[in-house]
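Chemist: Provided herewith is a single structure, encoded as structure tokens, for subsequent inquiry.
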Amino acid sequence: MLSPGAVLFFTLLLTASSLGQRTRKPIGSTSPISTIQAQVNFSAQKFAGTWLLVAVGSSCRFLQEQGHRAEATTLHAAPQGAAMAVSTFRKLDGICWQVRQLFENTGVPGRFLFQVSRARGPVHMVVAETDYQSFAILYLEQGRKLSVKLYVRSLPVNDSVLDVFERRVREANLTEDQILFFPKYGFCETADQLHILNEVPR
């Protein structure tokens with residue numbers, strides 16, 4: 001049985017690679033996320049605040065096998081200089097957990113790196129499309145595989161936003177069968193000190 005930390009790690013990261021294996025980088029190849037354009041004139045100040053995770057497109061085997069364990073997930077973002085301090089909240093066995101991360105500045109607005117203790121190397125993240133007020137589409141890459149996430153400020157989700165997300169998923173060479181939709185109820189926003197995972201580099 002997976003430990004609570006392991007379950008949180010996989011469900012929060014939701015990348016499409018096997019994190020326990022080292023992926024060889026083909027000579028002369030480019031990183032998949034390098035072809036993804038960040039939101040034009042991205043503003044961390046406008047992006048700050050609360051986001052609700054709606055769906056993830058990924059070929060991750062863990063998602064296919066453990067998707068039934070998905071829980072409502074909330075993300076809080078706050079600018080920290082050129083970086084962003086991020087806290088993710090979700091329940092596990094009825095208890096609210098918090099994962100703290102720092103999305104580090106890469107020098108390109110809308111592009112970030114963050115560290116995860118169980119991953120081999122940094123995770124790349126791009127805010128590809130957002131209107132700041134209603135939705136945001138994020139790409140993550142670890143192990144040279146992409147996952148696509150849809151966040152919203154509030155529910156329900158506009159059909160036009162879902163159309164944009166599904167198009168982005170297809171463009172990432174993923175199928176609709178590889179989309180996991182998260183619960184729309186049961187969100188939590190606070191965790192006690194015993195249920196906080198701190199992934200911020202020290």
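Yeah, the Cβs are placed from backbone N, Cα and C, and that goes for glycine too.
According to Swiss-Prot, the protein carries these features:
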{"type": "DISULFID", "residues": "CYS96-CYS188", "note": "disulfide bond"}
{"type": "CARBOHYD", "residues": "ASN41", "note": "N-linked glycosylation site"}
{"type": "CARBOHYD", "residues": "ASN158", "note": "N-linked glycosylation site"}
{"type": "CARBOHYD", "residues": "ASN173", "note": "N-linked glycosylation site"}
{"type": "MOD_RES", "residues": "GLN21", "note": "pyrrolidone carboxylic acid"}
{"type": "SIGNAL", "residues": "1-20", "note": "signal peptide"}
Chemist: Near CYS96 (disulfide bond), how many other Cβ atoms are within 10 Å of its Cβ?
Modeler: 19
Chemist: Measuring CA to CA, name the entry from the glycosylation sites ASN41, ASN158, ASN173 that ends up nearest CYS96 (disulfide bond).
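Modeler: Going through ASN41, ASN158, ASN173 one by one, the closest to CYS96 (disulfide bond) is ASN158.
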Chemist: Rounded to an integer, what is the Cα-Cα distance in Å between CYS188 (disulfide bond) and ASN41 (N-linked glycosylation site)?
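Modeler: Roughly 31 Å, rounded to the nearest whole number.
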Chemist: What does the structure give for the C-alpha distance between ASN41 (N-linked glycosylation site) and ASN158 (N-linked glycosylation site)? Integer Å is fine.
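Modeler: For ASN41 (N-linked glycosylation site) versus ASN158 (N-linked glycosylation site), the Cα atoms are 24 Å apart.
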Chemist: Whole-number Å distance between the CA of ASN173 (N-linked glycosylation site) and the CA of ASN158 (N-linked glycosylation site)?
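Modeler: Cα-Cα distance, ASN173 (N-linked glycosylation site) to ASN158 (N-linked glycosylation site): 24 Å.
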Chemist: If you run the three-state DSSP split on CYS96 (disulfide bond), which class comes out?
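Modeler: Strand, per DSSP.
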